């Protein structure tokens, strides 16, 4: 019913992190997630692209960055000039691999904008294409065009899974579900029986494309656990059917090119080691190499000394398997080693045990070197699979780290789970927000920090014209200017953001701390990735509170992005401010560049482009004085808060030995530092720069009573304000739409060309917007698909002009229904 509503409770990661005082593990620490987002295209690849001004000619372009099915391209000849960069959608744009024009008798012609820079086209092409890497033809043509490789693993696809419990035999599995590369698998032949289902990430070294077993000399046999469910004849019939349907349900081999390579091991039968049981990864216990299959695989069994021992826990390993350690590793790292069941006493001693068993310890050389360079720290939060119930993905807290292993405390699981031991390279851990991004239920903590109840109104969907087409198809947007707003159909949208440590860091950021930042963050959700980038920059500042204040949203400025609350700590105080971040990939590069200029550092210090050797801004040869002159803001107004209003930044005053609700105070104008004051500038801070113009707000002043202060906070705690009539969204009573006379169309709008649409708009009071329709090639069919949200998002219009435009579009729709729909 139109008046009905639904109430729901939502877990909110931002509020939870704020309440717990924890930070999220960096996105770059989850390599398997990073790999899963790659679309096969890479920066630097070249292709042949139709020239926008002349669709019958083509020119060579280089991929600058990728984002889902979108490519940011630059025609060869523009050099480092990024002004002409443009976005292309792989699905709709006229893109081809290098050599396509020659094969198909098409014309390669220099675009008008760079004609004067390339006097000899043939010589130029020979030079730029020498040793160049072409974009793969299979990703630009055919069924795989524009698809994220991960999406090719659809439900119903078949793979081969090695039996990791007791042999090297493999069996076919069906993909039941694909959640961001995490696959729910069911053995072939079990139909609807889900008892033996497994969850594995698609890059798991024991998961392969169909045909792998035969190629590597392994037999295809159902695991012992399910073999008795059918007769041998039934299993052979199932195998025959799979081979007949192999082409229909197989997954492209290229999908597994990024799988970890299994190396050669040097273990021998009978060797002892320490191990974590992957089925119950809660303790480290003694284990034995039970069998060596070949130079790649061996079988490990968890030791059990009981006379009537339970079924042994055994599993197949390779040299890089997680959870196997040399003897005495636990002792050297101050960890408890659980004695095997049946061992007399609790004080386990390896020397006595080896003597008692008559066994030798596996030498240190059998084990790969462990690393601590992974980005995880204690108390960081992430999302992790519950090893007891793999259907569950829970909130996890890093409680301890040793080398490349984490101890995780899971929250919110249906049944309490002890601390889990996982490798930093485990494919069962994910960054904060992964479940939400992939539409999977994250188990919230039992005492969850939740949003206030949201009422979701159920509204009637709009009538759709040409339901077989989407707005995306209707727009026919073959080429998108890099300044246009782009709606991305992918789950992730932000490309990798690189920290280019060699670039000039400016007066606010500490060069040493910048050098310690990770090489890149992302890719991932735009808001989450940019929030992480800004947090890293704030923490790398001489005075984090000052950088936070530079980044904070100016309430009087036009506001087009998404408000995010960021925090900074300095001299025992906590500061918070609302910062604007962009939500779509096409705005990321410009956002990064503007933020760099705001911080008076090199515009390439961070962004979606990696600076390899020489920075295009030549920042290394500029002195700080010159650099501030070129890129500094040279503001005349004070920065503490915008004129006539208060800053949206808050400071939380810590009071020792008392746990009480934090009071949030607004920044006030800063006092000038007296000549007698002590200079607390950290060593290495640039003198005479913008960082020294104002004090760092060591004290907050309260000039009103508590009641007045509380009222003021209520009034001012908002993400933005409108400073003039232009930015203020019109209220219903302000919008006076004159009832236009009934529109009579001379022709069916379904048949309108782009020129017809532009001609119609020029006859209305929305004539200035006609240029947008011309640039985006919106014809009559696309026009009829436009709605208010689409207009606002795709054309970046404010609410008032968007409403006015949609009024005319609705007139066309009404006339279409009345004159032509029948």
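Each residue, glycine too, has its Cβ placed from N, Cα and C.
Over in TrEMBL, the protein carries these features:
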- 655-674: compositional bias 'Basic residues' (COMPBIAS)
- 675-688: compositional bias 'Polar residues' (COMPBIAS)
- 691-700: compositional bias 'Acidic residues' (COMPBIAS)
- 749-815: domain 'SAM' (DOMAIN)
- 633-733: region 'Disordered' (REGION)
- 11-111: repeat 'MBT' (REPEAT)
- 119-223: repeat 'MBT' (REPEAT)
- 233-340: repeat 'MBT' (REPEAT)
- 348-445: repeat 'MBT' (REPEAT)
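Between the repeat 'MBT' (11-111) and the stretches 119-223, 233-340, 348-445, it is 119-223 that has the most C-beta pairs under 8 angstroms. Summarised by DSSP class, the composition of the repeat 'MBT' (119-223) is 21 helix, 30 strand, 54 coil. Per-residue confidence over the domain 'SAM' (749-815) averages out at a pLDDT of 86. In terms of DSSP secondary structure, the domain 'SAM' (749-815) contains 52 helix, 0 strand, 15 coil.
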